[in-house]
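Peer 1: This is the feature table in Swiss-Prot:
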| type | residues | note |
| --- | --- | --- |
| BINDING | 17-24, 88-92, 142-145 | GTP binding site |
| DOMAIN | 8-290 | domain 'tr-type G' |
Amino acid sequence: MARTTPIERYRNIGIMAHIDAGKTTTTERILFYTGVSHKIGEVHDGAAIMDWMEQEQERGITITSAATTCFWRGMDGSFPEYRINIIDTPGHVDFTIEVERSLRVLDGACAIFCAVGGVEPQSETVWRQADKYGVPRLAFVNKMDRAGADFLRVVDQIRSRLGGSPVPVQLPIGAEDEFKGVVDLLRMKAIWWDDSTQGMRFSLGDVPAEMVAACVAWREKMVEAAAEASEDLMEKYLEGGELTVEEIKRGLRVRTLANEIVPVLCGSAFKNKGVQAMLDAVVDYLPSPVDTPPVVGIGEGGLESSRKSCDNASFSALAFKIATDPYVGVLTFIRVYSGVLSSGDTVYNPVKDRRERIGRLVQMHANNREEVKEVRAGDIAAAIGLKDVTTGDTLCDPKDVITLERMEFPEPVISVAVEPKTKADQEKMGIALNKLAQEDPSFRVRTDEESGQTIISGMGELHLEIIVDRMKREFGVDANVGAPQVAYRETIRKAVEQEGKYVRQTGGRGQYGHVWLRIEPLDPGGGYEFVNGIVGGVVPKEYIPAVDKGIQEQLQNGVLAGFPVVDVRVTLFDGSYHDVDSSEMAFKIAGSMAFKEGARKASPVLLEPIMKVEVVTPEEYMGDVVGDINRRRGIVQGMDEVPAGKVIRCEVPLSEMFGYATDLRSATQGRATYSMHFEKYVEAPTHVADAVIKKSVS
């Protein structure tokens, strides 16, 4: 089966934004205008196509990134057909993992900002994630019809708060109730949308007289930005030559793909204005799979290898999401980077060292499935029938192996104990939690060895609430949930050298392992580093991995309060062995003993997670809010003014933030809002550390 759309006409994009910026509504409009849905679904009716989990429809927020495909021929029907694969990503901070994994497999993104709220905390988080993966993006300033809408203020914030280089390619005609349409600066034409056809029809007109001067000035800035794309455009521009619309588009495209600029558009998705022009911009400025660099990975023999986005290269794909479907079982969402995959093919998973057969292939339209026989380079699809694949695994041609770079997932910062309400549900709960953990790498399940309780950990209170909710709905398990626990860590402050010796002489063969370790602190975020400093074979090399393993096991149980130890480097620099009695087990125990003893002497300290918190409050409550933040050991880092009042930016220990939503509501009569995300670990003050240690010992 030949390709229906050339790969140059593919656009794999994500829609990313702060919660409530209107992301899902924008996606719904895209599906409406591209003809996928014939009736617009509204989020506030709980009818949005992209929000297909029950909890999403109840809460009005997007939790999982649904993928969908649509086709676009341009606003005026003049384009050849483009295939746009859209991933709608959640804007709530507890689900940043969904955003992270979407960005890893996208080629471009549309960042949606609220014209009133502007750049909000989650916008910064998502923008940083897009920077990390080098994703070219354009910005759409939504909700231009709302009271307090200010397009140029948002453009300014993209520059000052996100460090982007925004280039407006449109200006709004009016704002708030007076928002009528936009001026297309390329063609210097006003675009008016027809309300009676839900914005399906539009007309072009002259720029309103009172806007001509502003439009000329902003167009000049846009043309200059485009001219910087190449020497010949710059030369033509400097010599006073007029750049054609096509040349401006080409220049803007080159610079957007290089992540040098961000084209900015505006509109109101809810009022059906501006979304088709944004789709045109997706085609004009965002990359196709062939515009992105070849994907890089590790090939046979550990050498770096790369794959071009084309059908005749060997097959390679990345599994970026696992979802359980009540009808077909496990769906594995994949992004195909190269080659062709047909249903029935066998693929190799180098991460798990397993071959698997692809049962069926489906392309998703939110939660509707369309079965396809094959997928090609650039496609996003879901495979049914894969048994042992987790998020971030590579799938490739068994004859031409490549391992693509894995995704990095944040460590959970909050834990709660859960137990089923009836003993009979114990096994069901275990199965449910393991399935949910397979879907979501930022969610962990473990059993506390001392208490025997099941502990679940995640990125925030809402994250865990939704997990417990899904357990009840999808698996029929009712659970009691304990009080939230903070995920503390431990580290050391000074370097020590420590001996560990494990000797057992019982009749017959004994046990003998002997090591010397140098244990030293690393900078925050350094993790764990093991260095083999053995010379002359005083510890045989077959026992060295066992020493490392023993240390890693001991790292999980810190010496102060049993929390994981982070940011340490351990060097194995000496030791001895016995020809007969030495074994891997003996060296593992010796390594573990040496680390435990050494950590005690290395000035261990307790680390606590610090959250970055932003509170938006009406001015009259500001004193109370700041006072409360100070009482919670928070440090205020700055304040901004917004139409809703004041934005207070601060850092607060997570342990002080439980129940904050309720307290903030009562202090401000429900008028303030806040958002928070994990920022860093810092050393806990002595009185906090003492209390935590005392509690863990008791």
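Glycine is treated like the rest: Cβ placed from N, Cα and C.
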Peer 1: Let's check the environment of MET144 (GTP binding site): how many other CB atoms sit within 10 Å of its CB?
Peer 2: 29
Peer 1: What is the Cβ neighbour count of ALA17 (GTP binding site) at a 10 Å cut-off, with all protein chains included?
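Peer 2: A 10 Å sphere around the Cβ of ALA17 (GTP binding site) contains 29 other Cβ atoms.
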Peer 1: Does DSSP give ALA17 (GTP binding site) helix, strand or coil?
Peer 2: strand
Peer 1: Going by DSSP, is MET144 (GTP binding site) part of a helix, a strand, or coil?
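Peer 2: Its secondary structure by DSSP: coil.
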